[in-house]
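Feature annotations, courtesy of Swiss-Prot:
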type: CARBOHYD; residues: Asn95; note: N-linked glycosylation site
type: CARBOHYD; residues: Asn105; note: N-linked glycosylation site
type: CARBOHYD; residues: Asn167; note: N-linked glycosylation site
type: CARBOHYD; residues: Asn177; note: N-linked glycosylation site
type: CARBOHYD; residues: Asn287; note: N-linked glycosylation site
type: CARBOHYD; residues: Asn400; note: N-linked glycosylation site
type: CARBOHYD; residues: Asn485; note: N-linked glycosylation site
type: CARBOHYD; residues: Asn502; note: N-linked glycosylation site
type: CARBOHYD; residues: Asn521; note: N-linked glycosylation site
type: CARBOHYD; residues: Asn529; note: N-linked glycosylation site
type: CARBOHYD; residues: Asn593; note: N-linked glycosylation site
type: TOPO_DOM; residues: 1-6; note: topological domain 'Cytoplasmic'
type: TOPO_DOM; residues: 28-631; note: topological domain 'Lumenal'
type: TRANSMEM; residues: 7-27; note: transmembrane segment
Amino acid sequence: MQSNYSISYFLLILFTGTSSYFTIWNFVDHTRVGAFPEEDYIRLAYIIGGNFMTRLMFMQHFKSVLKYSDHFFRLHLITDENHRSDIHELMTSWNISNCEWFFHNLTEFEKRVAWIPNSHYSKYYGLSKLLIPEIIGNDIGKIMFMDVDIIFQTNIFDLWKQFRNFNNSQVFGMVENLSDWYLNKDGKKSVWPALGRGFNTGIIMFDLDKLRKNGWASKWRVVANKYLRIHGKTAMSDQDIFNAYIHDYPTEIIQIPCAYNYQLGALTKSKELCPETPLALHFNSQNKTVGKNYAFFDKIRKAFDEMDGSDLKRRRRSFKGNNQKDICHEYLPLDNFRIIPNAIGRMTKPAELCMVTQFSKDRLNHFLESANAWRHPISTAVYGKDKDLLDIAKAVTELNRTDITIHLVFEEPTESWMLDSLYPINFLRNVAIEHANCKYILMTDVDFVVLGDYGTIIDQTGNLKQKEVLVIPALEMTYPQLRLNLSNFLSRKDLVIEHLLNKTIQTFRETIWPSSHVPTNISKWIKSNRTYMVNYEKNYEPYFVIKKEECPFYDQRFGGFGWNKVTHVMQLKMMNYKFLVSPTSFMIHQNHNASKSLKRWRRDPHYQKCLHTLKNKFMKKTASRLGIKLR
């Protein structure tokens, strides 16, 4: 049976709409183990915003929590509007069975701390910790705040049990600050007051009932104003104000063992001040530390970076009614993955045109080559294991582009009876489309470099009418061993024509699969200086620009090699789309080794048969939905 509390609260929200925050419920049976009511679950609060790394660090942190604890978690995620949907998609797709979460709109509370002068890099996100007793609902008694740069090495429930040690006056639990900052030994800094070394606010245990009763909301503001008159601003953000408050109200703090916030910042003296074995590592510095023990602890952090998050919560395949005995079942890709949309970058303003693509680590160099040529926005989904995706994230960050948005899609473990995991190409395309903040999207694959006159492609895109797409001719080297310097082709149609006439370049797949791109009619393209229309032919699969709001999603049952683009273009034809060709732009294929799925297609007749069957089913279903009779 589900807990009466959960059911009652769910019904209250359903029928009265009185919940003050959005919630996703994942009901799980669990046994009451605690000494007071909150101990049958652990309630945690996070502030997630600012730099994209915050989301990646949150996932890294929560992996460490899940690794050592199977308790039930209730997370309170305090985010701004930009981050809420991304974190929601991460948590929903991760599908952790022993966790439910609630969102609180940080934007609504920003003004309550914006008046505080602050020179700390955390900006108002750090100061917002002061508002947690105001943000969290009045029906909640205890909660622990966590910075996302903390890695646990123990069961977090052991820390949660520290609430048992609070006396009647204690409202906060914190670890001592493991540096000399608040001692101000050199006397040169305008340091806020603190008890001794002060306390670090990376982890704060809040007794919310007592805080509300004691008038925290007004008292901390009085303290802040008092010391702002002296110091002018905060140097350590919220930590200065918390410590000044504790200085004035010393009976309200309980000191937590230092092992639960072993600080690794640039100024810390954790090794000499904390002899205990570290249980929670706090990487609380923008700069890498050069301490002797930092490298050792950084390896622990990197291990959680590389840890497969799916190992912490394995999920069932999302296919319903599939039978393991069906020979075609093993050729279907998974279609349920852990996702972080906008993991790197975000298109805050709608763009006119952006490239939409997808890739995995083995095609990273191709993406970098493509991105160097395409100077417009890019929305791309990236697929791989946790370690692979973080390596890719670092490489893309080094491009120093603000118009590239990366959506991370984490590879899932396959079932024992399945063949190798199929690359979920259409799932990835759909992710990249969904999160592209663009009016028009150029659908391409990452092993193509799009070249030509970008000014005219924007103009041609703007002239598209309803149910028209703009095809970008796809070309390739005639001989795979040829290596042409693509930088020479950036806007040189004349050079391309020269190579076409010399037969060193040809239409993509012209000899081995002519129906795929030959209908683009490259002979006409050579002579044209304006867009021209081409007829759809069977198995045509061009790359094209389309209005995003008109673009149907790709069928996610097609993964790896085989019919994944053909079926999408076929659907456009059934919807009466017209295919116009850009006379000024083109794309050139970057050679690469054959993928695993292509090799499988070539050697496995069952694979080919199953995908042909799936293609026919797709055609019939699409035709039926559109009211078309197939010939």
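Cβ coordinates are placed from backbone N, Cα and C, and glycine is handled just like the others.
Recorded features from Swiss-Prot, shown on the structure.
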| residue | record | DSSP (3 states) |
| --- | --- | --- |
| Asn95 | N-linked glycosylation site | coil |
| Asn105 | N-linked glycosylation site | strand |
| Asn167 | N-linked glycosylation site | coil |
| Asn177 | N-linked glycosylation site | coil |
| Asn400 | N-linked glycosylation site | coil |
| Asn485 | N-linked glycosylation site | coil |
| Asn502 | N-linked glycosylation site | coil |
| Asn521 | N-linked glycosylation site | coil |
| Asn529 | N-linked glycosylation site | coil |
Subject >> Candidate glycosylation sites Asn95, Asn105, Asn177, Asn521, pick with smallest Cα gap to Asn502 (N-linked glycosylation site) >> reply: Asn521
Subject >> Model confidence over the topological domain 'Lumenal' (28-631) (mean pLDDT, whole number) >> reply: 86
Subject >> Surrounding CB atoms that lie within 10 Å of the CB of Asn485 (N-linked glycosylation site), all protein chains >> reply: 6
Original post:
Per residue, counting other C-beta atoms within 10 angstroms of the C-beta, which of the glycosylation sites Asn95, Asn105, Asn177, Asn400, Asn502 reaches the highest number?
Top reply: Asn177
Subject >> Tertiary neighbours of Asn167 (N-linked glycosylation site) (same chain, Cβ under 8 Å, six or more apart) >> reply: Ile254
Subject >> Euclidean distance between Cα atoms of Asn529 (N-linked glycosylation site) and Asn521 (N-linked glycosylation site), Å >> reply: 14
Subject >> Alpha-carbon spacing, Asn95 (N-linked glycosylation site) to Asn529 (N-linked glycosylation site), which is rounded to whole Å >> reply: 52
Original post:
Got a sec? Which of these glycosylation sites, Asn521, Asn529, has the most Cβ atoms within 10 Å?
Top reply: Asn521
Subject >> Asn105 (N-linked glycosylation site) to Asn177 (N-linked glycosylation site) - Cα separation in whole Å >> reply: 30
